[in-house]
Each structure stands twice: as structure tokens, then as C-alpha cells.
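Peer 1: Got a structure for you, questions after.
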Amino acid sequence: MDYFAQQLINGLVLGSIYGLIAIGYTMVYGIVGMINFAHGDIFMIGGFIALITFLILVSLGLTAIPVILLVVLLVSMAITALYGWTIERIAYRPLRHSFRLAPMLSAIGMSFVLTNYSQVAQGARVKPIPPFITGGYTLHESADGFVIQLSNIQIMVVVTTIVLLAIFTWLVSRTRLGRDMRACEQDQTMAALLGVDVDRTISMTFVIGAALAAVAGLMYLLYYGTVDFFMGFVAGIKAFTAAVLGGIGSLPGAMLGGLAIGLIETFWSAYFSVGYKDVAAFSILIVVLIFMPTGLLGRPEVEKV
Amino acid sequence: MTALSPATASASRSAGILPLLKTAFVNALVALVLFSLMVGIRTEAGSDGQLTYWTRFGELASLVAAVFGGSIVIELLRQWIGPTGAEKLVPPAVQSGMSFIGRYLAPALLIFTLLVPVIFYNQRYILDLAILVLTYVMLGWGLNVVVGLAGLLDLGYVAFYAVGAYSYGLLATNFGWSFWICLPLAGILAAFWGVLLGFPVLRLRGDYLAIVTLAFGEIIRLVIINWQELTGGPNGVSGIPRPSFFGIPLDNSDDGLAAKLGIEYSPTHRIVFLFYLILALALLTNWVTIRLRRLPIGRAWEALREDEVACRALGINTTTTKLTAFATGAMFGGFAGAFFATRQGFISPESFTFQESALVLAIVVLGGMGSQLGVALAALAMIGGFELFRSLEGYRMLVFGMAMVLIMIWRPRGLIGHRAPTVYLTKAQAISSDLVKEGHG
């Protein structure tokens, strides 16, 4: 039971990170109707930028951890968001009205570019950082000495996710930008006729998605303590699986899917074999899609003739 | 990476040099921010796990300068050429000339390919490269059945390649069966997996299909890595027998083909044999595809690609149509896999990553979906082009990715053109399918 509770905590934390990346997929899919294959690599870039900012701040002699965290958060969000904006301008905007496969291939190409750019620029080795946030709470100690731990970093990941999700839900449902985004999701041509700047809205979608991916990258860096140039691919596929599982295009679905994938993966590694954890996640995706072809919270697709 | 915005580009076309400089300046500024940390600062983990870093402001400055200069050049080119269209880019006279050449290109290319081992007999490198290119031609033609003809987006094609390779590798090393027994078996097993993948996918459309095929490809690869007892895990399968000339080994022994024919043995014999083997397999794929395309099932594939709803309304059984497309494509992937295993003599999961799937898909799409000649030329261009950058190890995939993005922007429908449906009811549509929005696959 204690073991189960500990795994539940670990799974929820991992799921929060996946959920943050999945939101970026879901938003872009909702508005442009394309899979942004490079999104996982944007997450990786976010992790790298956070790592480098950490290094600089520490070598400048800064010691106040909250200040460091805040600066790192802002810098990595800002630069990664600019990456998202640039990628949309270069690789996706010219293809917006092209046939279906073109933007997908261009996105796959962009993903290769980002992976190898980061490998060339920063090397192929895994980059560790020393643990910044240590300590935690012991929730429960059983008679045989098994301890349920809740570390500060885990609390931070979950709290950050909840806060960001709240801000984001407010953004989509209450602001002008959110209204424009929902309008573009419904019908781009009609939205443009009614005075919505479609290009700007789509750009902002990529910017916000990339910024959230940067936060996920920072959380990953803090939680696991390492980044490497290849981590975007696997994390990206998992997050995309999460988005599809939850019903692509649905924001609560993305979060739910992220948590589901995180829990499945953690429990599978805990009770069965670590090697097959990804197989388990992908198999469950296939099974869910057989019975719910549009995911858990997805809207049924209307066939247009 | 230059950040060119179409809005500012059109503004600068009418105006003078000042907006041009302004655009270039903005692009350079964007580049400065993008590259500042990733390029300007290099991190490295020391032996004690401590991270060190050093600055590379020289590289950063030259990159930003390159973006500045590059955006000026691109802007000038854009103003000089003006709005690009097919007419302007390739004059009509050249176009008609090209279509004249196009009619004779396929036979000419085939004859040349047949003669490659004769011409380049002593150049082992070129022969190896030709075999590699033909392997990808075959894979491209195989995937073309699924993506090009039936319009089903398959991101996990490499799984069938892997199934074929491991089928042959394991059967040959464990039971000692010959290549010629294992080849059809590898094809059948891969086709079986194709059908197995086809079932869950039947109800899915578009991007859901893409992610499930991607997941399927990853599952196969992960199972291969983890099922150590059967597949050897990350170590792979080694000692896979080389192919024999219908039972006669191609080696230096007394039973070898060279001894039987009474000619001097040369290791090139085996390479030449492998060359003709993959050529025959590729041509088989091509022939079967062209034949199938004229049969009702091939017509059904094309109809499915054009419009699934209309397809069902006409009473075409979409279930069998999709399953046969997956099975046929997978079978050819399996053949190619078996060939790969016998050529390498060693297989490991590293050869069957998503990158391979993306490469084959890129060949199909760049060649023009459904066009057999286009796929062959795209394989030649991509694999040959890839070889040109072999010395630039780390930069190779970077260039490959950039090329994929640029070609998609320049010719989203593929380099060579795509295949229109084989039959039309009365006459061809007035509007080409290029111009209308595509139905869901």
C-alpha cells in the first residue's frame, strides 16, 4: 500500500511534466490542425537554455535560490518562446494551406534540425546539474521501515503545473487572445472575415505552447537533474500520446492524458519491468483509440462530404 | 535559420534599401537571441560530474552576421525573381522538353542501372552505394502502396523492415534455413504484422492513424531491444548467413560458384550478386504495384486516397481495402528487411529507428505520392545527397532536416510530381486535386 502511494506520487509528478508538453501539441493541433513534431525538441531546447542560465547565474555568485529559479524560468520561457515563433514563421506558415502531409514532413525535418543543432552546439553527452532544491517531507512511515516521501521538488512541479494550468485556462476562456484562438479553431476564414488576425493568433499559440514546453523542460531538469540532446524525441512522443489519449484539441484532455501516461509508465516500471514501460504506454494508447477513436475527452469528428 | 516574415517581405519589394536593411536587422536580432545561449556558451560535463562552460562569442557573431547577410541576399533574390510560379521558375519550353525526356527517362534509367556493375566493377564504394540506394528505392516503392496509393499515413513503416530482417536473421541462424526459403517467409510474416497493425487502425483517420503507426513502430523496436533471449537485445543478431546463388555459396571454397564456373574468385562477385538481387526485388515491387493499380483493388486504394466517404458511399469495402494496402506494403518492407539482413550479416535495433521511417516517408513524399519514377529519383537524390555529407558527421542530419523543410516549402507536392488517379469517370476534373483540400485519409 505504501509502495503504491509512493508510486502514485511519482506518477503524478511525471504526468504533470508530460501534461505541460501535451498542452502545446493540443493547442497547435486545435488551431492549425497539424502535428507539431518539433514540439518535443522545443522542450529539449527549453531544458538546455535553463541549464545554461543556471550555470551563468551560479558562476556570477548568485545564491538566493528563489531568485535564480525565477530568472531561469523567465529566460528559458522567453528564449524558447522565440524558438517556437521562429519555427512557425520559417517552417509552418508557408505551408498553412498546403496539402496535409507537407506541414507534417516539414515538422519532422524541423525536429531533426533542432535535435542535431543542439548536438552540434552543445555536444552529445548528458549534462548534469547539482541538485538545487533538496529536502522534503515524510508523509508516512510503515512498521517495516518503508517511507513515503514527498520531496520539495515534487511539490514544486505539481504546484507550478496547477498554477500554469489555471493561468492558461483563464487566458483561453477570458481574454481577447483566447477568444481569437477559439474563433480560429472553429473556422479560420470566418474568424478572419470578422476581424481576427489569424496569423497573429497562430503565432501566439506557438509562442504559448513553446513557453509551456520550456517550463516542462525546466521541471525535467530540476527533477531528473540532467538534459541531453535526444531527450526531446521520447518525451515528445509520450506527450503527443498523452494529447491523443486525452482527445487531441482538448486542453483538459491533454492534462488528463499526461497524468494517465505518467501513471501508467510509473506503475508499470514499479510492478512489472522497466524495459517495457514505453511499450505499455503505447499499447494502452492503441487500445484506447480502438474503443474511443477520438480519445478520452475528444469531440467526435464530423465527416464532411 | 533566418526569420523571414512574408509581411515585411512584400512591403520591402516596392520600397528601397532601407526596409530591406530593417528586415535583415530584425532577423539578425532574432538570431542573436536564439543562438545567444545555445551557441554563445558551450557546456561540458567534466569527469567528476561537474559542469564547466566557456564562451564562443566569435561563432555567435559570425552566425548572426551570416543571418544578416543571408536575409539581405534572400530578400534581393525575392525582389529580383518576383512572385514565383511554375511558369516563371521553369519556362514552358523547358517543361515540354522535360516531359519528352520524362517519357524515356524510366527505360534509360533502368538500362543504366542494369549496367552499373559492369561500368563500376572495380569501384566497391559505388557498388555498395548503389545497393543502398536500391534498398531505399524498394522501401520507398513498398511504402508508396500505403501512403501514395491508399493515402494512409504510415509513420512506422520501419517496423515491417525490422520484422523482415529479424525473421530472416533468426530463422537462418537458429534453423539454418536458406535465404530463398526465408525470403517469402519474411514477407509473409511482415504482411501478417501489417494486417495486425491494420485492424486497430481501421477506424482511425488522419493524424490518429499517424500516431498509432508511429507507436506501433516504436513498440516493435522496444520489444526487439527488451526480448533478450530471442533477439539478443541491443547486441543484435550476428553471423547471419550470406546469400547463396540458389544453394551454391559465393565464396572461395571448392564448392563455391567461382570454382564451379571455373573462374577466378573475387569478393566483388558477391556484391554484384547482391546488387542484382535487390534490383530484382525492387523491380518485383514495382511490377506488382503497377499491376495491382490496374486491378479493382488498386482502383479502390486510389479511390480511398481521394475520398473515403465517397468510397464508402459507392459500396467499396474500406476494411479490406485498407488491410490489403497495409499487408502489401508491409510484405515488400519485409522482403527489403530480409535482404538488409543478408547483406549486413548483422542486425541490431539501431537500424530500425523512427529516423529510418521518416527517411522513407520523405522519399515517398518528395518523389511525389504514387509516382513510381519519382520515388526512385527521390531515393537516389536523398541517399546520394546524404552520402555527400558523410564527412560532416554531426552536421549531416542538420542539413538533411533543413533540406526537408526547404523542399516542402518549395514543392509541397513532391519534387517530381504525383500520380493522378488511373481512371476518371468521364473526363479529368477541371480542377486538379493539387488545388483542392484533401479529404481525410
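Cβ atoms are placed via backbone N, Cα and C, with glycine included.
Note: TrEMBL annotation is automatic and uncurated.
This is the feature table in TrEMBL:
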type     : residues  : note
TRANSMEM : B:20-39   : transmembrane segment
TRANSMEM : B:60-81   : transmembrane segment
TRANSMEM : B:101-121 : transmembrane segment
TRANSMEM : B:133-163 : transmembrane segment
TRANSMEM : B:175-196 : transmembrane segment
TRANSMEM : B:208-227 : transmembrane segment
TRANSMEM : B:271-290 : transmembrane segment
TRANSMEM : B:358-382 : transmembrane segment
TRANSMEM : B:394-410 : transmembrane segment
Peer 1: Considering only the recorded stretches B:133-163, B:208-227, B:271-290, state which has the highest number of Cβ pairs under 8 Å to the transmembrane segment (B:175-196).
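Peer 2: Looking at each of B:133-163, B:208-227, B:271-290 in turn, the most contacts to the transmembrane segment (B:175-196) are made by B:133-163.
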Peer 1: Let me check one thing: do the transmembrane segment (B:358-382) and the transmembrane segment (B:133-163) come into contact, meaning three or more Cβ pairs under 8 Å with sequence separation of at least 6?
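Peer 2: With 3 or more qualifying Cβ pairs, these stretches touch.
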Peer 1: Among B:101-121, B:208-227, B:394-410, point out the range having the most Cβ pairs under 8 angstroms from the transmembrane segment (B:271-290).
Peer 2: B:101-121
